[in-house]
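Student: Take this structure first; my questions come after.
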Amino acid sequence: MDTTEVVAALIKEQDRFLICQRPAGKSLALFWEFVGGKVEQGETKEQALVRECQEELGVIVAVGDVFWEVTYHYPDAIVHLTLFEANIKEGTPQKLEHQDIRWIKKEEIPHYDFCPANKDVLERLQNLPVRETTHRGF
Ligand SMILES: Nc1nc2c([nH]c(=O)n2[C@H]2C[C@H](O)[C@@H](COP(=O)(O)OP(=O)(O)OP(=O)(O)O)O2)c(=O)[nH]1
Ligand SMILES: [Mg+2]
């Protein structure tokens, strides 16, 4: 099976970060995710992420460092997910393609069902030590 390159954005504001609920009818319907999508041919990961944030949320982002990377085997696909830190430069997030979008605190993570590939990164977000918490604004 081929590996699909997927990029996603960890968008933080103060002590909250943005999560998005996948629409009904798509794969992994109604699971929560970080905004993003598949890298298209000829694009860098950063370019793909800027495009996806514009298409899905109507915002322009500045792409920062890689926060997490994982390869996950779904029954019908292998996904290599790269999660970048990102900041909104222009616009306010709108649910142009998602079922719902929410700004949540790390304490709220257990209340949401995320895509299985995201399990480890959510654990990292939830368990950031105090020092790193302050540094990263969580
Ligand atoms: N965007 C995103 N996709 C994720 C995350 N976690 C995770 O397992 N995935 C999976 C779900 C999908 O199988 C794949 C990304 O697909 P996608 O549906 O967002 O791709 P896309 O926006 O390009 O949409 P499409 O053109 O394929 O319809 O990666 C995540 O946090 N964000
Ligand atoms: Mg997408």
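Using the three backbone atoms N, Cα and C, a Cβ is placed for every residue, glycine included.
Note that the structure is a prediction, hence the values are computed from the model and not measured.
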Student: Need one residue: from ASN87, ASN118, the one TrEMBL lists with ARG22, GLU33, PHE34, VAL35, GLY36 for 8-oxo-dGTP.
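Tutor: Looking through ASN87, ASN118, the residue TrEMBL assigns to the 8-oxo-dGTP site is ASN118.
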Student: Enumerate the residues of the same chain, ARG22, GLU33, PHE34, VAL35, GLY36, ASN118 excluded, that satisfy the criterion Cβ within 8 A of the mean position of the Cβ atoms of the recorded 8-oxo-dGTP site; list them in sequence order.
Tutor: ALA8, ILE19, CYS20, TRP32, CYS115
Student: Could you tell me the maximum Cα-Cα distance in Å between the residues recorded as binding 8-oxo-dGTP, namely ARG22, GLU33, PHE34, VAL35, GLY36, ASN118, rounded to a whole number?
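Tutor: Result: 14 Å between the two most distant Cα atoms.
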Student: For ASN118 (8-oxo-dGTP binding site), just count the other CB atoms lying within 10 A of its CB, please.
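Tutor: By my count, 23.
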Student: Please state whether DSSP places ASN118 (8-oxo-dGTP binding site) in a helix, a strand or coil.
Tutor: helix
Student: To see if you understand the setup: which same-chain residues, six or more apart in sequence, place their Cβ under 8 Å from that of GLU56 (Mg(2+) binding site)?
Tutor: CYS20, VAL35, GLY36, GLY37, LEU96, GLU97, HIS98
